[in-house]
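Peer 1: Just passing along the structure, written as structure tokens.
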């Protein structure tokens, strides 16, 4: 699938943006390498359901472009640049990668249903006019052109862009505004943090 940024790089960001993001990144992650645990802690993603935890792990993996188990500064900037400045096509490619849990280049019903359930568990404000099962059925009935029960990247890209309802729903359900706001403002979830961290550690153990 190639680079999901499609050529977008740090050079396209202003020096001010890069400096601010670097300062925040190094403040939160002095080692220069963000682990999955730190990723979850920074965004206040604690005490998650199994579905929500899987979604967070999958999101982390899609931002870990070189697959070394860490998010470094370049990957961090690429991820933020995608969210803040990415075009529809670039975001759809990222959505596809997020849904393609096993990384085989196709999305099957179980993968889509799992991520939709996870998104709703972590973001209750997302669109809920349909159940996760109904939304999954709708997606496949509309854009699984060859009817093989799997969505290729081409089917996903073309189908979603042709259907405004699907595009709007996906955009709302994968709204990363909260995460971006935390990164931009350097906000920390201080209230009750120590107690939740203890609970999270116990849950992870």
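Start at 1 and count along the chain as shown; that gives each residue its number.
Glycine residues also receive a Cβ, built from the backbone N, Cα and C atoms like all the rest.
Just so it is clear, the model here is predicted, and its values are computed rather than measured.
Pulled these from Swiss-Prot:
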type	residues	note
BINDING	64, 66, 68, 70, 75	Ca(2+) 1 binding site
BINDING	100, 102, 104, 106, 111	Ca(2+) 2 binding site
BINDING	144, 146, 148, 150, 155	Ca(2+) 3 binding site
DOMAIN	51-86	domain 'EF-hand 2'
DOMAIN	87-122	domain 'EF-hand 3'
MOD_RES	3	deamidated asparagine
Peer 1: Tell me which of the binding-site residues 64, 68, 70, 106, 111 ends up closest to residue 150 (Ca(2+) 3 binding site) in space, Cα to Cα.
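Peer 2: Going through 64, 68, 70, 106, 111 one by one, the closest to residue 150 (Ca(2+) 3 binding site) is 106.
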Peer 1: If you skip the near sequence neighbours and keep only those at least six away, which residues in the chain come within under 8 angstroms of residue 104 (Ca(2+) 2 binding site), Cβ to Cβ?
Peer 2: none
Peer 1: What does DSSP say about residue 155 (Ca(2+) 3 binding site): helix, strand or coil?
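Peer 2: In the DSSP reduction, residue 155 (Ca(2+) 3 binding site) maps to helix.
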Peer 1: Can you tell me the CA-to-CA distance separating residue 75 (Ca(2+) 1 binding site) and residue 100 (Ca(2+) 2 binding site), as a whole number of Å?
Peer 2: 19
Peer 1: For the Ca(2+) 1 site given as 64, 66, 68, 70, 75, which other residues of the same chain have their Cβ within 8 Å of the site's Cβ centre?
Peer 2: 33, 63, 65, 67, 69, 71, 72
Peer 1: In this predicted model, what is the average pLDDT of the domain 'EF-hand 2' (51-86)?
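Peer 2: Mean pLDDT across the domain 'EF-hand 2' (51-86) comes out at 84.
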Peer 1: Of the binding-site residues 64, 70, 155, which sits closest to residue 102 (Ca(2+) 2 binding site) by Cα distance?
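Peer 2: Nearest listed residue in space: 64.
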Peer 1: On the three-state reduction of DSSP, what should I expect for residue 70 (Ca(2+) 1 binding site)?
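Peer 2: The residue in question, residue 70 (Ca(2+) 1 binding site), is coil (DSSP, three-state).
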Peer 1: Counting Cβ neighbours within 10 Å across all chains shown, tell me which of the binding-site residues 64, 68, 100, 144, 150 comes out on top.
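Peer 2: Answer by Cβ density within 10 Å: 100.
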Peer 1: Where does residue 100 (Ca(2+) 2 binding site) sit in the DSSP three-state scheme?
Peer 2: coil
Peer 1: Can you name the residues of this chain that are 6 or more positions from residue 148 (Ca(2+) 3 binding site) yet have a C-beta less than 8 Å from its C-beta?
Peer 2: none
Peer 1: Just to be sure I understand the packing, how many Cβ atoms besides its own are within 10 Å of the Cβ of residue 102 (Ca(2+) 2 binding site)?
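Peer 2: Step by step: centre on the Cβ of residue 102 (Ca(2+) 2 binding site), count other Cβ atoms within 10 Å, giving 10.
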Peer 1: Hey, for the Ca(2+) 3 site built from 144, 146, 148, 150, 155, who else sits with CB inside 8 A of the CB center?
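Peer 2: For the Ca(2+) 3 site the neighbour list reads 106, 140, 145, 147, 149, 151, 152.
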Peer 1: Could you give the number of helix, strand and coil residues in the domain 'EF-hand 3' (87-122) as assigned by DSSP?
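Peer 2: The composition, in the requested order, is 26 helix, 3 strand, 7 coil.
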